[in-house]
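Per TrEMBL, the features are as follows:
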DOMAIN    1-444  domain 'Major facilitator superfamily (MFS) profile'
TRANSMEM  27-45  transmembrane segment
TRANSMEM  57-75  transmembrane segment
TRANSMEM  81-103  transmembrane segment
TRANSMEM  115-139  transmembrane segment
TRANSMEM  145-169  transmembrane segment
TRANSMEM  181-201  transmembrane segment
TRANSMEM  213-230  transmembrane segment
TRANSMEM  250-278  transmembrane segment
TRANSMEM  284-305  transmembrane segment
TRANSMEM  317-337  transmembrane segment
TRANSMEM  349-372  transmembrane segment
TRANSMEM  422-443  transmembrane segment
REGION    448-467  region 'Disordered'
COMPBIAS  450-467  compositional bias 'Basic and acidic residues'
Amino acid sequence: MTLLDVSIVNVALPTLREGLQADDSDIQWIVAGYSLAFGVVLVPMGRLGDARSRRSVFMIGVALFTLASAAAGLAPNPTLISVARVIQGVGGGIITPQVSGFIQNLFRGRDRAKAFSIFGATIGLSTAAGPLLGGLLVALGGESFGWRLVFFVNVPIGIAVILVARKLLPADAPAKRGQSLDPVGVALFAAAVLLVLWPLVEGTQGAPLSSRPWWLLGVAVALGVAFLLWERSWGRRGKETLINLRLLKVPAYIFGLSLGTFYFAGFTAIFLIVTLYLQVGLHYSALQAGLTTTPFAVGAAVSALVSGRLVERFGRWLAVCGLVVVGGGLLAIDLLVPHLSGMVGLKLAPAFLVAGLGGGFVVTPNVTLTLAEVDPAEAGSGGGMLQTAQRVGSAIGVAVILAQFFATLGSTRGDYAEALSVALRTTVAAVGVALLFAVADLLRRTSHQRSPEPQHAAEEPAPRHAA
């Protein structure tokens with residue numbers, strides 16, 4: 001539900017803009033507000049789930065997300081939709097780290113790998129299926145009401161999730177009692193993430209790069225350093241820190257974090273630029289544009305489920321092979337687009353299917369291997385950090401790739417095929433960087449397999465995947 005909302009709104013933007021007479025700034029905040037809020041609260045809410053009842057925090061997040069969805073659907077003007085989207089993002093940021101935390105706490109060994117495979121399949125399917133579902137809802141509701149259905153669809157789902165959660169999720173005790181959150185750490189981290197995301201998502205509707213407040217990145221770096229120094233000082237006092245700083249010293253976690261950041265930088269932007277190419281360049285309907293990317297969703301869901309059974313045996317090799325396949329599929333699309341005339345969606349389907357199959361072998365193994373050595377007591381914050389890295393990567397991808405897309409349109413006088421081609425090459429480059437991190441981690445793991453590692457009595461008894 002939360003990840004679906006990242007992409008489902010894209011295909012509804014043209015009708016929303018016309019129905020509410022929204023300008024470029026309004027549309028920009030409707031898209032950006034969700035990601036900004038989502039990224040800011042992920043880690044603090046992951047830590048809150050570690051320190052409090054995870055089920056209670058999860059249900060609060062679902063309730064907030066559901067109410068905000070209803071408010072967005074009822075909003076009479078773009079400003080109120082933007083506010084509702086920000087609240088939606090807060091709800092999504094509360095929910096997401098609790099999910100990875102539940103998996104860490106409730107499963108071990110192969111069962112945990114299977115659970116993460118389902119989680120990975122859900123990530124891939126929801127992100128890629130967003131344009132399709134959005135197109136269906138717009139077609140069902142018509143141009144004047146269809147965009148409202150895009151928001152209303154979350155209401156019955158949210159209510160059902162709350163009812164099921166009350167019945168099935170364990171009323172877990174806090175991992176650590178008597179501990180309070182680190183308010184200074186929360187403020188520093190939230191401010192740093194906000195300032196990183198702000199200039200990257202600002203102006204994604206085509207504003208020139210020079211107009212963005214890039215100086216905020218320098219402030220964000222300073223706040224990030226201050227955050228790490230504060231956390232170290234706070235932990236030395238015996239206080240509860242926002243994140244376990246030892247995670248930043250675990251190679252598997254750092255490699256997985258970096259891989260996820262660059263993969264999502266390319267992955268998220270694919271559907272937006274393809275949607276623009278089809279709807280604006282080729283005058284496809286929202287439903288037709290959504291159907292074009294469906295093979296990616298199908299391939300990603302299938303391979304994610306399969307990879308859950310293979311990750312313990314093959315480890316990082318799955319991600320390496322998956323990234324190669326994703327890159328190959330995207331390059332095939334790049335080569336095909338200039339030579340297509342008519343039935344573009346059908347002709348691109350095999351390449352999208354191939355790319356999706358590769359994507360399923362990236363997300364699930366990366367989540368499993370990255371969090372395999374994280375203490376269950378830190379599962380929420382560890383998962384939150386991973387999700388935050390993916391959100392930051394998504395923001396980078398959308399900002400950079402859209403800037404290239406629109407710049408190419410201007411220089412070629414509206415050649416959408418060329419604009420898509422240039423943007424696709426950038427997505428391939430992002431996937432290539434992710435591949436470098438995957439190969440580096442694979443070499444590190446291979447080297448550790450050849451030399452015996454010391455045994456630590458405090459280590460979790462669950463087997464380590466490909467470690």
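Here the Cβ of each residue, glycine as well, is placed from N, Cα and C on the backbone.
Note that TrEMBL annotation is computational and uncurated.
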Long-range environment of the transmembrane segment (250-278) - Cβ separation under 8 angstroms, sequence gap at least 6: 6-7, 10-11, 127-128, 130-131, 284, 288-290, 292-293, 296, 319, 323, 326, 330, 337, 344-345, 355, 359, 362-363, 366-367, 369-374, 382, 385-386, 389-394, 396-398, 400-402, 405, 416-417, 419-420, 423-424, 426-431, 433-434, 437-438, 440-441, 444-445, 467
Dominant neighbour of the transmembrane segment (81-103) in 27-45, 145-169, 181-201, 284-305, by Cβ pairs under 8 Å: 27-45
Positions on the same chain near the transmembrane segment (284-305), where near means CB under 8 A and six or more residues out: 11-12, 14-15, 117-118, 120-121, 123-125, 128-129, 131-136, 138-139, 146, 270-271, 274-275, 278, 322, 344-345, 348-350, 352-361, 363-364
Overall pLDDT for the domain 'Major facilitator superfamily (MFS) profile' (1-444), taken as the rounded mean: 83
